[in-house]
Structures are given as C-alpha cells and as structure tokens.
Amino acid sequence: MNILIYLVPMALLLGLSGLAAFLWSLKSGQYDDVQGAALRVLMDDDIRR
Amino acid sequence: MAEILDLSVYVKRQNDGTAHLDLAVEGIDCAACIDDIEGGLQHLPRLVDARLNYTNHRLAVKWQGDLEPAAIVDELRRLGYRAHPFQARLIEEEETRRAQWLLKCLAIAGFASMNIMLLAVSVWSGNATDISSETRDFFHWLSALIALPTVAYAGQPFFRSAIGALKLRRTNMDVPITIGILLALVMSVVETVSHAEHTYFDSVVMLLFFLLCGRYLDQAMRRRTRAVAGNLASLKAEVAHRLDDGGEPTLVPTAALKPGDRVLVRPGERIAVDGIVVSGASDIDESLVTGETARRAAVAGDTLYAGSLNYNGTLTLQVTAAGKGTLLDEVERLLENAAAAKSRYVQLADRVARAYAPVVHIATALTALIWIATGSSVHNAVITAVAVLIITCPCALALAVPVVQVVASGALFRSNVFLNAGDALERLARVDTLVFDKTGTLTLPEMRVANASAIRPELLEMAARLALSSHHPLAAAAAHEAKNRQPYDGAVEETGQGVRASVDGTEIRLGSPAFCGALELSQAVAARDPEASLIAFAHGDERAVLLIRQALRPDAVRTVRALQARGLDCRILSGDRPEAVAPIAATLGIPVWRAAATPADKIAALEEFKAQGRKVLMVGDGLNDAPALASADISMSPITAADLTQAQADAVFIGDRLEPILDAVAIARRAHSLMRQNLMLALVYNLIAVPLAFLGYVTPLVAALAMSGSSTLVILNALRARGRADAAEPAATRLDPAPTAPALQGT
C-alpha cells in the first residue's frame, strides 16, 4: 500500500488546484452577474462586430 | 427634454483620466436588452466601456476625457430605457464583501468535506475489512491536516458571531455550533493521536459546509433586497432646477442640493425638496404628502414639502432640507417610536435557537454524566457526549428558514413584489387585517380621464395628443390616453388657459371651458360629478368635456374581494375628506373606513387594531402614511410612493395593479407553513437521532448519513415554496389599458 503515499497527496493537490481556480474566478468577479452570464453566452456579438 | 441634467456629482474620476458612472436601469426584462444597451452605447465618442449587470440591473459606464454624463442617459432613453445615476451605499458594499467572504468559506469547506469524506469512506470500508492500523492513522492524520486549517478559516463566521453574542451575555444559534465544532475537532485529534478507529473530522467539516450554505443563502437574500432597495431609491431620484447667483436655472439631481440653495419650480412639476416660498404664488396639490386631494394656495413665506405637486404658478423656493428624509419633525418623531416598536419582533428561527441551545447543552452534559455514572470510562463518556453534540448541531435547522426565504422571495420577485426587510415574509404570513390608504394606493397615483368611454374615440385621441404639448398636470392625465405619442407641430400653450394647434386647417383647443367655449356643456357635466376636475376640448364646432379624477386601480375591486375571501379584514384609513372616501369604500365593498385621519390618528387607529389582537398589514404611499407603515406589523408601498414612505415599507410592489398584494400574502403564508414544516422535520430528526447518539450507536458513518439526509430533505421541501404564483399573471393582461371602475365614471 506504499503507493498511497504518492496517490493521496496527488489527489489532494488536484483538489487544491480546483479550489484555487474557484477562488480565482470569485476574485475576478465572475460571480457578480450570474444571470447575465447565462444569457451572454448565447449572444453572437463577436460575429457582428 | 431639451434641458441638460447636470450629473457631475455622480461621476467618479480615476487617476488614469477615465471617468466612471454607475446607472440603475429600468425596463430590463430580456436577454436582448444587454446587447441593445451595450451595443447602443458603443458609438458614443470617447466611451471606453459599458457593461450591464443583468442580475442587479446596473450599468457601469467608463469613458475617457470629457463626455457629458447626461448624454449617456439621453442615449439610453432613446434606446427605450430609463436610467438613473446610482450611488452605491456603504452598507451595500459591506454586504457584497461579506457575501464574497462567505462564498470563499463555503468553497473551502466544500473542498475539505469532499476530500475528508474520500478518506473517511476508505477508513469505514477498511474497518469492515482489513485496513492496517498504519494506513488508518495515515488517513486520520491527513484528515486532521485538512480539517484543522479549514475550520480555522471557514468557521470564522460562526466563531465571530458566537463571541459577539457571548460578549453581550446572550446566546444565539452560533454558540452551540461553535462549541460542537471545537469539541468534536479536539476529540478527533485526541483519538487520532491514540490510534483509535473512529474520528469525526468528516462530520465536523460537512457540518460546517451545510451551515455555511444556509448562512450564504440567508446573506444572498438580504443582499438581493438591499440591491433592489438601492435601485428603487435611485430610480426615484428626483431632479430640481437650481438657480445660480445670476438667476440661471440648471437641472441638478436633488442629491446635489444644499440647504439655502434656491430652486425654481415650474407649473406641473413635483416639488423635490422641502422649502420656503421666496417668491411666486401657486396652487399646490399635497395629496402625496397628506392624502388631501383638495388644492392649497401657496404664497411667499409658506413652507412646502417634498412630494407636493405645483399646479399653475412658478415658484422660487429656498431649500430647507434636501435629499432624503425631508419631512416635518412630527412625522419623524412618530417614525422613531414606531420603528422601535417593530424591532421587538423576534424571528421564528431566533426563537427556535433561543430554546435550542440550552436543550442541546443539557442533553450533552446529561449523556456524559449518565455514562460515567453507569460505570464506563471517562473517555467513552466524552466520545458519546460529543456524538450527541454533533448529531444535534442544527444543520437542517440552519437551512430550514433561509432556503424557504430565498425560494419564496424569488416567487415574490416574479409577482412584482420586492422585499425590503428579511423577516417580512414571516410577518406577512400572520396578517389578518389589511389597512389601505386611499390616495395613490387604492387609486392610481396619477389622475385619469374618468369619462373616456363617453367621448368619441377620435376626439379623445386628438385631445390626448394635444395634451402632450401642455405642462398642466390635468393635461398630463389627458395625455395618458394618447395612443400616438407624437405631439402636434406648432402647438401653442397659453399660460393659465390651455393649448391650441391646428390640424388639417381646423383649430383644436384644449384647456379651461372658457378657452374652448364649452361653458354650458361643462356646467352640465360638472353637476353630475362635483368632485372631478374638468378640461374642455374643442375641434371646430365640436365640444367635449373631459372629467379628470383619481381612478381606482384597475383590479382593485377584484383584489379586495379576493383578499376578503381569504379571510382578511380589509379597511380604509385615509387622510382625505369623507366625501371622497365613502364612494370608494362602497365600490370596493369595504364596510369599515375612516377619513380625515392625521398621521397621529392613523397610528392610534393601528394601535387600536393591534390591541384587539389583530396582525395588521398597512398599505400606503403618502408621506403621511410613513409613521403608520412603520407602526403596523408589516407594511407595503406601491413603487410610486414617496421616498421616505418606501424606506419604511417592508415590501414594495410595482405596476398599476393591486394583485401583487394578494400574491404576496399567498406566497408568504405558503412559505411560513413550509418553514414550520421544515423546523418540524428538523425536530423529528433530532428526536430520532439524539436517543441513538445517547445510547452510543452513532458512529461517524451514521452521523454523516443523518446530517446529509436531513439537510437534503429540508432543501427539497423548501423548493415547494416556488408555488403557482408565477403562472397567475400572464404578461398580456398587464398590458391592458387601465379601465376605470364603473362607479367612478361620474355618469
């Protein structure tokens, strides 16, 4: 079972990177306008302009 | 509006030369609005960025150099949106910061509970099979490594609140939570050190996660009502013509006025500030302030209050109080007393918490004592006691109320009701008596043409279109009927008489009966309805007389009937004259009414109702209602209400209809019964779980199942608060032109 010594910390590290990504998205204001974000994804303004 | 509004007080200049303005935008209801607004503003020169926040309907505009901020507002108006400069209030920023912090705590607790659960499940299955004690210890130490920093960070919201309560020598729900978390954590560490089979790290962190969910939802609800209240305040932000030293008027927001400034009030304008008349004379309609519909003459030296409508003369006022909270001393004093009385209401959840904490602690202590008394070791006794403490930690209880509140406030939002106060739902559910103000609440805030159906439609349309060119308040009522909103070219207003224009070679006139040569007809019409005001209209030889008066809200009769059918006792408490109130009470079928009530009278009447054991919902809009709103058990205002009144109301409803009141009561009652069901569920859960824990059957596995199970049950139950209120009002019916109630047509 020695493999656990590597595997468990690696799993934790992966989880931590997910947490870090969430905290980054929170800090960069991606949750300020959740309803707007749901609608903006449907817009095709990148084609028109 | 040809005039330029001076919005410079709202503009924030940054160091890099850009300027920033926040606007609250009205009329956003679909996804296309985002593109409309942001795209529509793109062609403004020097504009750097415009971004609309769809969730709270606010637009942030950034530009370089000098762009007239009023140009942005004008451009938005051209696009079909009303926008108002917005100043974020300190309290709202504070709430936003707190919400972010809670979300951070929630994320960390979520991460930790997932990872510790991963380790815990391995230990549980290993305990059933053949895990070596070294591997188990390794997993326990890892769990401790994750749990300790997590609790230290994510537990802060509870620790701080518990310490705050203890400093005031009180307990709240957070005190047992904090004790439970810390004890379980310490015990788990001790168990880890002594190579034990069971630790409670997973329970502790999962508990924290569920509790933070409840806390965050509660906060989100409060923040949403704050944001709505903030938008409402700025949507209603009024403007005034300030006179500078040279006597030149500039249009400024009232927020920019200082006491001592002089403002110009033109005919037909609403007075935005309290002030003393310096020069000029006019008739003043104070119905929004006092509820009195008869006009009062104002001359130099008189004091006028914000919210009054200036009728026919131009006035110069010296500002005595500007901005918010402009009112008589008496009303303010009454308000303070009434508000103090209301804060004594204790929320359902707090009441439960108050009873809960001692019970939990006594049960825990008893468990420990009884186990020691029956001869088991102190170690076992403590472990069982901690299990009791963990299992009773109120995580379903903490979710029970906030989830229902969030779901119900969403349903209210769809019914056009905005809550101002977080605990309003609970109070609204217990209401058994409704007290209405008349002017602006049962009736529409603006005057309407009462005999529209009696006039030939083409003639009415012509009169209404001509009325668009007049500044007179009565003309504004007539203009409401116009389907074509394009004013006639070359319309001339003759002050004090009326407007005239020529259409296809025929002269049309709208104004006083004398101006239109319709004296005889107007006398005949006036005899039938002495309360209404008249405007005459002439088209060639044809004459018509428009009766202008306050009309009932379109669905007032139906809504009052429905409210009565639900067992609510409806009453009217008005500041207006008895002659004006009686016919309305008769139309609505309201037997109990009182007229000519001063603000103090209204409070006295409400106190009387309360003394009879009634729970009173007061619906009002006038400044004279503000103290009554504050002293009622719960209060609602239409969006058109005076600022101060709205600030006192627990809920605000939008639109011309009264139906939101009915919806609000229905949703609140439903929500309240769901909250009680949820608390009941939590209680039943405890009744089953505590004896099990007491007998020592609660292993970490059982604790985890019980906690997540009860929390899920409570959340699912809360989702039922969505209700059917969203289907009740299809959009099509809202667009109907407002018909006047039959009894008020004056025929």
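Every residue number used here counts from 1 along the chain in the order it is shown.
Glycine is no exception: its Cβ is also placed from the backbone N, Cα and C atoms.
According to TrEMBL, the protein carries these features:
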type	residues	note
DOMAIN	B:19-84	domain 'HMA'
TRANSMEM	B:101-126	transmembrane segment
TRANSMEM	B:138-155	transmembrane segment
TRANSMEM	B:175-194	transmembrane segment
TRANSMEM	B:200-217	transmembrane segment
TRANSMEM	B:352-374	transmembrane segment
TRANSMEM	B:380-404	transmembrane segment
TRANSMEM	B:679-695	transmembrane segment
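Across B:175-194, B:352-374, B:380-404, B:679-695, stretch B:175-194 shows the highest tally of CB pairs under 8 A with the transmembrane segment (B:138-155). In terms of C-beta pairs under 8 Å, the stretch of B:101-126, B:200-217, B:679-695 lying closest in packing to the transmembrane segment (B:352-374) is B:679-695. The list of residues near the transmembrane segment (B:380-404) in space but at least 6 beyond its ends in sequence, with Cβ under 8 angstroms from a Cβ of it, reads 173, 176-177, 179-181, 183-184, 187, 191, 198, 200, 203-204, 207, 210-211, 213-215, 217-218, 221, 347-349, 352-353, 356, 360, 363-365, 367-369, 371-372, 671, 674-675, 678-679, 681-682, 685-686, 689-690, 692-694, 696, 698, 703, 706-707, 710-711, 713-715, 718-719, 721.
Beyond its flanks by at least six residues, the transmembrane segment (B:175-194) meets 137, 140-141, 143-144, 147-148, 151, 155, 158-159, 162, 165-166, 200-201, 203-204, 207-208, 211, 356-357, 360-361, 382-383, 386, 389-390, 392-394, 398 of its own chain at Cβ-Cβ distances under 8 Å. DSSP labels the residues of the domain 'HMA' (B:19-84) in these numbers: 21 helix, 25 strand, 20 coil. Panel annotation: around the transmembrane segment (B:200-217), residues 99, 102-103, 105-106, 109-110, 112-113, 116-117, 119-120, 140, 143-144, 146-147, 150-151, 154-155, 157-158, 177, 180-181, 184-185, 187-188, 386-387, 390, 393, 395-396, 398-399, 402-403, 405-406, 700, 703-704, 707-708, 711 of the same chain, lying at least six beyond its termini, place a Cβ under 8 Å from a Cβ of the stretch. For the domain 'HMA' (B:19-84), the mean pLDDT of the prediction comes to 80.
Beyond the ends of the transmembrane segment (B:101-126), by six or more residues, the same chain brings 135-136, 139-140, 142-143, 146-147, 150, 153-154, 156-157, 201-202, 205-206, 208-209, 212-213, 215-216, 219, 700-701, 704 to within a C-beta distance below 8 angstroms of the stretch.
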